Structure formats: C-alpha cells, structure tokens
Amino acid sequence: MKTVARQMFRTCNKLFSRKTLNDVVEAHPSIIETAAQIDNIQHLTSPSHNTSVRDSIHHMEAVMERAHHGGGWLLSGIICINILILGCALVSGSAFNSVAITAVHRQIFLIILLLLTMSWMLFYTVFTSRKDEAVSFKDGHAGPAWLRAGLLLFGLLSLIMDIFKIATAVGYLHCDSAVKVAFPVVQAVFLFVQTYFLWIHVKDCVQLHTNFTRCGLTLTLSTNLVVWMAAVTEESLHQTDIPDLNYNVSQKMYRASFVNKKCNCSYSACYTFKEASYYLYPFNIEYSLFASAMAYVMWKNVGRLVDDHSHHKVKFRIKDACLGPLTGVLLVVAGLATFIVYEVDIETGDVKKTDKALLIHFIMNIVIVSMMSLSTVIGCIIYRLDYREHVSEKNPTRSLDVGLLVGASLGQFIISYFTIVAVVATEARGYLNALNLTWALLTVLQLGLQNYFIIEGLHREPFHVMQEAALHTNSHAFQEHPEIIIVQESHKSSYFLTSSRDKPSWKRRVLKEVCAFLLLANIILWIMPAFGARPQFDHPIEIKFYKVSMWTAIVNIGLPFGIFYRMHSVASLFEVYVIS
C-alpha cells in the first residue's frame, strides 16, 4: 500500500508539473486547489523542511479525495440562481398594481432571506471560523481598507434609512400591515450582523466545511442582490417622471402605486420621514453591491491556498497630485450647482424653465465627459511611455473588479446608444436634441477610454514592487562587483536606485493627476442620477420614438447599472492612483 501511494504521488507530481498556473486556472476549481496543495507538498518534502514523506503522502491523498467532491460549487451556484430568479419575479410583480403580488409579499420573502443569511453568518462565526485549520490562509488582496470603510459608511447611512422607514410605517400601523414595520427592523439587524461578518472574515480562505460555506456565501450574495433589486425598483419608480407628449401633465408612477388614500398617517411628520428615506436609497443600493462583491470574493477563495506575503501594502498620499484634485473639486462644485438648478426648475413644471434646466444640464455633462475623455487619453499615452510588467498571479478580487467594471458600463452604453438611434432616426431639430445627441456620443467615447485606462492600470505591477525588485537585484550585483554602480536598463523600462517614493517621476505624477481628476468627475456623475436627475424622461424625444413602456424599461434597467458603474469606477481609480 505504501508503494502504491508513493507511485500515485510521483504520477500526480509529473502530471501537474507539465502545466503552468495559467493552464490550471481554466480547470475545475477543485483541481486548482489540488494543484496548489501538491505544490505545497513539494515544498514540505524539500530538504529545508523536516517533514516525513509518509505525512506528505497522506496529505496528498486527502487533497485528491477532496478534488473529487467539488459538488459544492455546483450546488451553491444552483441555490444562487434560483433565489435570484424568484426574487426578480417577486420584485417585478410587486411593482405593479394590476397583479395580486404586493409589497407585503415581497417583504415577507426578503425577511426570510435575511433571517436565513444571518443564521448562516452566526454559524460560520461561532463554529466554522473557530475550528483549527479552518482558516489557514488569508487573501491579502480581498477586502482592502477603502472597501471596508465604504461598506461601513454605506451601512451606517442605510441604517438611518431603515430608521426613517420604521418611523413612517409605524404611522400607518393602524391601517396597514405590520410586515412593513418588521422588514426595516430585520434589515437593520442584518446590517449590523453582515457588516461585522464581512469586516472580520472577508479575507478568509476557508478550508473546512467548504461545501456548506460555499452555499452560505451564495445565499449571502443572492440575498444582497435581491435587496438591491428591490431598492432599485422602489427608487427608480419613485424618481421616474413620465410627462405626456403635450407637456401638460406629469405623474409620479410610484406615488400612485404606493400611497393608499384611504389610510392616513397618525402623525404629521410621516411625509418628511418618507421623503428623507428616498434620499438615502442610493447609499443602501451601494451597500448591497459592496456586500455582494465581498461575498463573491469569499466564495472564490473557499479552499484556495495563497501566499500570505504576496500582498504589498501601499500608502495613499494626496500630496503626489495637485492639479487633478483641484480641477476635480471645481467640477464637482459646478456640477452640484447645476444639479440643484435642474431639480428646482424641473419641479416647477414650467415649459421654459424645463428647457432652461435641460440646456444647463446637457452642457454641464458635455463639459464633464469631454474633460474626462481628454484626461484619459493623456493617461493612456503615459501608459505607453511608462512600461511596467503586468501582474500574472491569480487574483479573484482583480478579476471581479474588471468584470463589474465592464458589465456595469453596459447599462450606460445601452441608454446612450438608444438615445443616438432615437435622435438620428427621427431627424430631430433644435439645440436640445443636438446637445442630447452630443452628450450620448461623448459618453460612449468616455466609457470606452475610461474602461481601458482603469483595466490597464489595475493589471500593471505596482511601481513600488518594481522598484523593490530592482533594488533587490542591484544589491546582489553590487555585492559581486562593489567597484561599480549597477543601473538596470532595458529597451522598455528603467528603474534607478536613486529613485525615491517621495519624489515620483513626472510620468507617475501625471498618472496620479489623471486618476484624481477622473475619480472626482465620476463622483459628480454618480451624484446627479443617483439623487434624481432624469433628463431621459424630462426630454421627450426618446419617449416619442420608443413609446412610454419600452423607454421606461430601458432606463430603469440601464440607469442603475450606470450609477453603480460610476461608484465602482471611483473605487478602481483610487486603487490605480495608489499603485501608480
């Protein structure tokens, strides 16, 4: 038996040694774990370690046994898909009055999901994570400080939103369902539990109860996505103004379906709490997406073996950039001013003031996306001049960042292209139509350039890592030849021993200026649609072309993804700034 086991070890060693990590990555996740652990076994059996061959063989046999039990990936995926589809059906059905599904039914479903998710989180915290060898490795890239700080901030604002919703629902308790009070209460408790769970365990690479953990993480992921869908639906319908083609009437779809005229609030502050809660919906939406992303990374890291020293810490210093932040702040202030004017003029319902508000809004957005496109082109040129190696290690966090960036940008792409088709097909005249078309074209250009700039920046080796590698190499060369000063040069790049982090080169400074400006510009482009700017409905050209039902569906599906894209771009640009 011992001879057979040793032969198995040699055979597996030969098989896996023929493949590089990039080749194995495309295999089944359980095989990836097997390859990684066999690599560890090879290190353990090296002369530098006093580990017996017998222990290594038993370890390998356990790994091979686990490789054949990868059903947790499939089962967890099935659970996630079913919850998402059912949640999507209930959320969509409860948005209309003509069906029997009401907001109460949707909230009951959400309460069940929240309670199940909290139960699993408590089980993981109390039992799984405290077992020996349950969390032997941690992913240094997962859950960076800025992401956890954002989760905490958005969670706090979401908690305030739930308090406002509780206060509102209590006022209608005498004539409405008690579920509308229970749901924000349960959601508030869920915010506490989940924020604590993700803050503590987001870096865990779980090695115990892997199948159950995978199912629990996909439950967490799907629960947050269903909560996100519910919040997006409520906020979108609340903000959706659909004027008739004669500009005579403007109706709020959401208020017609939400307010029960036969049920009056028991105190006068109900309306104030209700309206205040809607201003906090964007933060609750972002919280759910942040939590979903962190749960996904944890799911990818289940059973994964990583090097604890593979993550290099970097520091954020604003003094490295000056012009970019200053210009960005001015742009944010100007954007906020025009946004306030837009909201005030639109609320009046006057045709002349509406046209004036649209004119200012279109011009401001054209200026923003034009400056962003120009600065992105400058950044891409610097990329060509300042060559750095691309990161080759497997990183689920980085893959998720890129996937979310490209996927979320599709929402804004869809709205822009539909606008272009509508304006060109109808041969619409007038300065508002011309500005609307220009804005759509420039948005398409800006999205493409920014996606390339961010993805290229995220995949480049951090500058300080390249510098440390050059210093390490040169120190060995200097020991062998102390009579000369070694300076590494190549046809693509050069890193000098005399370079200092306190005095970055002009190319690094330009990249930081570009990142800082784009970061602030994306913030103002997130604020305007997130807090109620809907020129897609205030300017009727698309409604005339696509009709009300189709255009409403396009905007209410694409715009939430566009809003998330801007917030996710802010996070990605911050990371590109830090590693530049």
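Each Cβ is built from the backbone N, Cα and C atoms, and glycine gets one as well.
The transmembrane segment annotation in TrEMBL covers 73-96 (among others).
Under the heading transmembrane segment, TrEMBL lists 108-128 (among others).
Proximity of distant same-chain residues to the transmembrane segment (149-173), defined by a Cβ-Cβ separation under 8 Å and at least 6 residues beyond the stretch ends, is recorded for 180-181, 184-185, 187-188, 191-192, 194-195, 198-199, 260, 263, 265-267, 269-270, 273-274, 276-277, 280-281, 283-284, 286-287, 290-291, 294, 571. Per TrEMBL, transmembrane segment is recorded for 149-173 (among others).
Residues 103-104, 107-108, 110-111, 114-115, 117-118, 121-122, 124-125, 143, 148, 151-152, 155, 158-159, 162-163, 165-166, 169-170, 172-173, 220, 224, 227, 287, 291, 294-295 of the same chain lie 6+ residues outside the transmembrane segment (179-200) yet bring a C-beta within less than 8 angstroms of a C-beta in it. Feature annotation from TrEMBL assigns transmembrane segment to 179-200 (among others).
Per TrEMBL, transmembrane segment is recorded for 212-231 (among others). Here the transmembrane segment (212-231) has Cβ contacts under 8 Å with residues 72-73, 75-77, 79-80, 83-84, 87-88, 91, 106, 109-110, 113-114, 116-117, 120-121, 123-124, 128, 187, 194, 206, 281, 284-285, 288-289, 291-292, 295-296, 298-299, 302 of the same chain, all six or more residues outside its ends.
The transmembrane segment annotation in TrEMBL covers 278-299 (among others). Tertiary proximity for the transmembrane segment (278-299) is limited to same-chain residues at least six positions away from its ends with a CB under 8 Å from its CB atoms, namely 76, 139, 142-143, 147, 150-151, 153-155, 157-158, 160-161, 164, 191, 194, 198, 201-202, 204, 206, 214, 217-218, 220-221, 224-225, 227-228, 231-232, 234-235, 238-239, 396-397, 400, 404, 530-531, 560, 563-564, 567-568.
Residues or ranges marked as transmembrane segment by TrEMBL: 320-342 (among others).
Per TrEMBL, the feature transmembrane segment maps to 362-383 (among others). Using a Cβ-Cβ cut-off under 8 Å and counting only residues 6 or more beyond its ends in the same chain, the transmembrane segment (362-383) has close neighbours at 324, 327, 331, 334-335, 338, 432, 435-436, 438-439, 442-443, 445-446, 449-450, 452-453, 456-457, 460, 507, 510-511, 514-515, 517-518, 521, 524-525, 528, 535.
Long-range contacts of the transmembrane segment (404-425) within its own chain (CB-CB distance under 8 A, at least 6 residues past either end) are made by residues 293, 433, 436-437, 440-441, 443-444, 447, 451, 454-455, 536, 541-542, 545-546, 551, 554-555, 557-562, 564-565, 568-569, 572. Feature annotation from TrEMBL assigns transmembrane segment to 404-425 (among others).
Beyond its flanks by at least six residues, the transmembrane segment (437-455) meets 362, 365-366, 369-370, 372-373, 376-377, 379-380, 383, 402, 405-406, 409, 412-413, 415-417, 419-420, 423-424, 514, 518, 565, 569, 572-573, 576 of its own chain at Cβ-Cβ distances under 8 Å. The annotation transmembrane segment is assigned in TrEMBL to 437-455 (among others).
Annotation comment: TrEMBL describes 510-528 (among others) as transmembrane segment. Through the fold, the transmembrane segment (510-528) approaches residues 318, 320-325, 327-329, 331-332, 335-336, 339, 361, 365, 368-369, 371-372, 375-376, 378-379, 382-383, 386, 450, 453, 457, 504, 563, 566-567, 569-570, 573-574, 576-577, 580 of its own chain, all at least 6 residues removed from its boundaries and within a Cβ separation under 8 Å.
For 548-565 (among others), the entry in TrEMBL reads transmembrane segment. Packing against the transmembrane segment (548-565) from elsewhere in the chain are residues 232-233, 236-237, 240, 242, 282, 285-286, 289, 404-405, 407-412, 414-415, 418, 447, 526, 529-530, 534, 536-537, 542: each is 6 or more residues past its ends and has a CB under 8 Å from a CB in it.
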